[in-house]
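Down below is the structure, laid out as structure tokens.
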Ligand SMILES: NC(=O)c1ccc[n+]([C@@H]2O[C@H](COP(=O)([O-])OP(=O)(O)OC[C@H]3O[C@@H](n4cnc5c(N)ncnc54)[C@H](OP(=O)(O)O)[C@@H]3O)[C@@H](O)[C@H]2O)c1
């Protein structure tokens, strides 16, 4: 069994990791560290786990675990790794954006690999440290990577993506407060979202020159999921685009091309990314749907763990969507 530690266990991605790893056939949780809840029952914070686990949060780490997941806000992962040491064999999977960009991907002698299996599967298998991608970044890259792989991003790309409120973490804020968020919709950080850096680096790893990418992030009045659309000029046929996407994702365990237009609920509570292609005149519209906390965070982190430890890529991740 893979012995795992979780840091930041009271947050949303930490909670999702606990749920997945408790059911994982090849892994067991060694400890769940919390800065704010040490000594309390995990099920007091995550009540859905009542009757599933009697574990308590700890205020200390077991430095000999096989893998440690960092579920902390940006900047806190670096601080945590500097303050706490683990064995040389302990693999690290960080869910923050501390190590995602090439220029940030080192901490002392640790070298982080960008953990998008559809792009870096072989590198992930051999990695000791993973920078898990951002949620918007996952949905958007999976929508565009096949085009970049054939140098087909020739003109401006326009992206609109809407996220649920769990994307902002467990702490309440003005824009996650129920009274504001419910029955509401809004955009934020137009064209400047922090995930643009990792999206651009991944596309540039496949296509030398990429066109301007215009990304408008939106807040939706639902709790989970990201529904993204991207469109750009594409003069070949729809059939050629579908063949390109199906070939690019032929070995992907969780990314699938649908013949049908998508809705969000078909992927919520799963580690899937579903894609759909539509052509109108010379425009190709790519839709992409994921669960922000699973394929966009904790599910993808476990997918990376599975690859790093040589167990089946989908182990522990055969989850059921909440279609209705
Ligand atoms: N939410 C998403 O959809 C999503 C998707 C992809 C990536 N991410 C990234 O994953 C990381 C965790 O996200 P999350 O949504 O799980 O966040 P969160 O719900 O806010 O949880 C973060 C946890 O970090 C711990 N923590 C430790 N030191 C802290 C400090 N100084 N200030 C605040 N919290 C501190 C807290 O847990 P304890 O009190 O138990 O220590 C807190 O609950 C972030 O970097 C985020 O950007 C999130």
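Note that Cβ sites are derived from N, Cα and C of the backbone, with glycine treated the same way.
The residues of the domain 'Semialdehyde dehydrogenase NAD-binding' (3-127), classed with DSSP into helix (H, G, I), strand (E, B) and coil, number 38 helix, 30 strand, 57 coil. Residues annotated as domain 'Semialdehyde dehydrogenase NAD-binding' in TrEMBL: 3-127.
Residues or ranges marked as active site by TrEMBL: 135. Long-range Cβ neighbours of residue 135 (active site) (same chain, at least 6 residues apart, Cβ-Cβ under 8 Å): 163, 167, 226, 290, 292, 293, 296, 297. Residue 135 (active site) falls within a helix when secondary structure is assigned with DSSP.
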Handout entry: Predicted model, mean pLDDT over the domain 'Semialdehyde dehydrogenase NAD-binding' (3-127)
Key = 97
